[in-house]
Structures are given as structure tokens and as C-alpha cells.
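Participant: Positions annotated as signal peptide by TrEMBL: 1-24. Per TrEMBL, the feature disulfide bond maps to CYS33-CYS48. Annotated domain 'Cupin type-1' per TrEMBL: 62-210, in sequence order. The oxalate binding site annotation in TrEMBL covers ASN97, ASN107, HIS112, GLU117. Annotation source TrEMBL lists Mn(2+) binding site at HIS110, HIS112, GLU117, HIS156.
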Amino acid sequence: MAPLRFLALLLLSLAVFVFTSCRADPDPLQDFCVADFQANITIDGFPCKTASSVVSDDFFFDGLANAGNTNNMFGSNITGGNVQSFPGLNTLGLSINRGDFAPGGVNPLHSHPRASEIVFVLKGELLVGFISTANVFYSKVLKAGESFIIPRGLVHFQYNTGKDNAVAITAFDSQLPGVVLAPLTLFGSKPAIPIDVLTKTFQVDASVIQLLMSKFGQATSPYN
């Protein structure tokens with residue numbers, strides 16, 4: 001029996017090892033892989049620049065140093081520090097954004113399909129919330145120095161509840177989290193979602209959908 005028990009334990013250990021290995025990101029095989037945007041090949045991510053062409057500026061980004069322009073319909077501006085603007089992030093699995101909010105400004109309902117997010121408020125106060133797949137709403141009003149977690153893929157928002165401008169830093173566990181903005185996706189897609197689908201989905205008249213399409217069809221995203 002002992003050999004069989006040992007064999008069963010060995011097989012179980014092997015199964016756990018294989019399962020966890022499949023779930024985890026592969027370990028890097030080199031120190032870094034600075035994104036090469038000039039390469040003419042397509043992969044899931046970006047190919048690497050040759051090590052001889054990598055410079056210190058590839059690992060430097062000052063795009064979050066200045067406040068963004070919140071003069072838009074949402075009263076917010078999200079400055080992205082992902083691999084597309086910060087090539088040294090390629091293959092490292094992280095990125096960072098800056099959010100600027102005028103009083104009453106909102107980062108509208110949206111989701112990030114490829115990342116979880118942590119929101120850290122630098123200035124002012126923000127109502128931050130998300131909705132789970134069980135349709136439960138979780139939220140908290142954050143003041144400077146406080147943080148809130150947004151699990152991957154869930155619909156969420158940030159809203160300035162204060163009387164002054166607010167600033168937040170958001171960090172992600174993906175070099176390119178992606179963003180799906182609910183109002184622009186539903187009412188401003190190209191080509192448009194059929195009105196019959198939207199009227200049936202939201203149980204409203206076509207005139208309501210047409211109004212929303214006219215409002216969001218040419219809207220500018222707060223993401224930069």
C-alpha cells in the first residue's frame with residue numbers, strides 16, 4: 001500500500017504543479033523587453049528592441065506630472081501610463097494612470113478587461129465603486145491617502161463628490177489594461193448597435209436611444 005500511496009501523492013503533486021504553472025504568467029527570460037513599435041510583426045504584446053538600442057529614457061515617463069484637461073462632458077481626464085506611452089513596461093505586467101476630476105466630474109461607468117486596479121487618492125475626495133457579477137454594489141468615499149480595489153473586468157467608476165478638484169493615481173496588473181466605456185460603447189460604437197436591440201435591452205422608446213446616440217455618438221473619451 002505504501003508504494004501506491006506514494007505514487008498517488010506524487011501524481012497529485014504533479015497535477016498541482018502543472019495547474020499552477022498553466023495559471024501563472026511565464027517567468028521572463030531576460031531582464032527587460034522594451035517595446036519596439038517600429039517592428040513589422042504582430043504578437044500578443046510588442047516585440048523587443050535590441051538591447052543595444054535601449055536607452056534610459058525607455059524606462060522613464062513624465063506623463064503623469066501635469067494635470068489633465070477636465071473641460072469635457074464628463075469633467076474628468078485620465079492620463080494613461082501604459083506600454084503604448086511607456087515602452088519599458090512591455091512584458092512587466094503593470095501600468096499606471098493619473099485621473100483628474102473637476103468638482104462633480106466622473107470617470108464614467110467602465111471596465112478594464114485585462115486588469116485589476118487599485119485607486120489611490122492624492123487630493124480631494126472621490127466616490128469609488130464597482131458592481132459584482134452578483135449585482136452587488138460596493139463603494140467608498142476616499143480622501144487623500146486612501147485606496148480602493150477594483151477587481152478585474154468589473155464595471156466601476158470614480159466620481160468627485162467634493163467642492164474642489166480631485167486627483168487620483170490608479171495602478172494595474174497589466175501593461176495594457178484596456179478600457180470599455182459604457183456610454184461610448186453602447187451609444188457611440190461604429191457602426192452603431194441596432195436601435196431595436198437597445199430599446200429592447202433598456203425597455204425605453206426609440207426616441208430615448210436616439211437622444212443618447214446623439215449625445216455620445218461624437219463624444220470624446222476622457223482617456224488620453
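The backbone N, Cα and C atoms fix where each Cβ goes, glycine too.
Are these features on the surface or tucked inside, and what touches them?
Facilitator: A sphere of 10 angstroms centred on the C-beta of HIS110 (Mn(2+) binding site) encloses 21 other C-beta atoms.
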Participant: Around HIS156 (Mn(2+) binding site), how many other CB atoms lie within 10 A of its CB?
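Facilitator: For HIS156 (Mn(2+) binding site), the 10 Å Cβ neighbour count is 22.
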Participant: Taking only the binding-site residues ASN107, HIS110, HIS112, HIS156, which one has a CA atom nearest to the CA atom of CYS48 (disulfide bond)?
Facilitator: HIS112
Participant: Just give the helix, strand and coil counts over the domain 'Cupin type-1' (62-210), going by DSSP.
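Facilitator: Helix, strand, coil within the domain 'Cupin type-1' (62-210): 22 helix, 58 strand, 69 coil.
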Participant: Which residues, sitting 6 or more apart from CYS33 (disulfide bond) on the same chain, put a CB under 8 Å from its CB?
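Facilitator: Expected: PHE46, CYS48, ASN90, THR91.
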Participant: Mind computing the max CA-CA distance among ASN97, ASN107, HIS112, GLU117, which the record assigns to oxalate binding, rounded to whole Å?
Facilitator: 14
Participant: Among the binding-site residues listed here (ASN97, ASN107), identify the one with the smallest other-Cβ count within 10 Å.
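Facilitator: Checked ASN97, ASN107; of these binding-site residues, fewest Cβ neighbours within 10 Å: ASN97.
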